[in-house]
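Contents: one structure, followed by commentary.
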Amino acid sequence: MMNRSIGKRANDYFLEIIEWIPRLIQLQLLWFLCVLPVFTLGTASRTVLYMIYYYKKNEEKKLSSLFWKKFRENISLYGKQDSLASSYFLLLFIDYRIFHYLGGGIGYTLMYTTLFLLLLSAVLFSYKILLQLENQKEVSWIAAFFLFFNDFKSALFYLAGTSILLVALWFAGPIYLALLGFSFLFYFQVLLFIHRTQEKGLKKEE
C-alpha cells in the first residue's frame, strides 16, 4: 500500500513537471534577460522564485507581464541587498575558477570548499526568500540559517537533492542547461520548501 502511495506521488510530481516545462522555459529566458547587467542576479532569482511560488499556490496570472512588474518592485525594495548578494556569488565563482586553474592538492581542496560554500549560500538565499514569501515578513540571514538547519536530516536531503539535480543538468548537456537549468533549480527549491513546510505542519498536528 505504501509503495503504491509513493508511486502515485512520484507519478503526480512527474506529470506536474511536464506541465510546468513551458513556464520554466519562459522563466529561464526572462531570467537570462534580467541577469545581463550581472549585479541584478539576486533580484532576477528572487523574482523567478516569487513567480514559481505563487503559481504553485494557484494564483494564475499572465506570466510575462507579472514577472516584469514584480522585477521592478524587487529592484525598488531589495535592489541594494540583492546587489551585495550578486557580488558575493560572483566573487565565490571567481575564486572557484582561480582554485581550479591552480590545481594541485591545495588548489582542488579550496576549489571544492568554495563550490560547497557556493551551493550552500545559493540554497540559503532561496530558502530565505521563500520564508519571506511564506510568512509575509522580512527574514534575516541568521534566522534563515538556523531555521534551515533546525531539522538537520531535512537540510542534508535539501542539499543532496540540489547537488544531484545540478550534476544531472550538467550531464544532460548545454542545451538543457540553457533552456531549463536555472529555472528548474528554482522550481526544485520551491518544491522542497513546500514539502518541508507541509511536513512541519503535520508534525505539529501530531
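Glycine is no exception: its Cβ is also placed from the backbone N, Cα and C atoms.
Taken from TrEMBL, the feature transmembrane segment applies to 29-55 (among others).
Counting residues 6+ beyond its ends, the transmembrane segment (106-127) has Cβ neighbours under 8 Å at 42, 45, 49, 85, 88-89, 92-93, 95-96, 99-100, 141, 144-145, 147-148, 158-159, 162-163, 166, 186, 189, 193 in the same chain. The transmembrane segment feature in TrEMBL is assigned to 106-127 (among others).
Taken from TrEMBL, the feature transmembrane segment covers 139-161 (among others).
Tertiary neighbourhood of the transmembrane segment (167-194): same-chain residues 13, 17, 20-21, 24-25, 27-28, 31, 45, 48-49, 52-53, 56, 123, 126-127, 130, 134, 157-158, 161, selected by CB-CB distance under 8 Å and a gap of 6+ residues from either end. The feature transmembrane segment is assigned by TrEMBL to 167-194 (among others).
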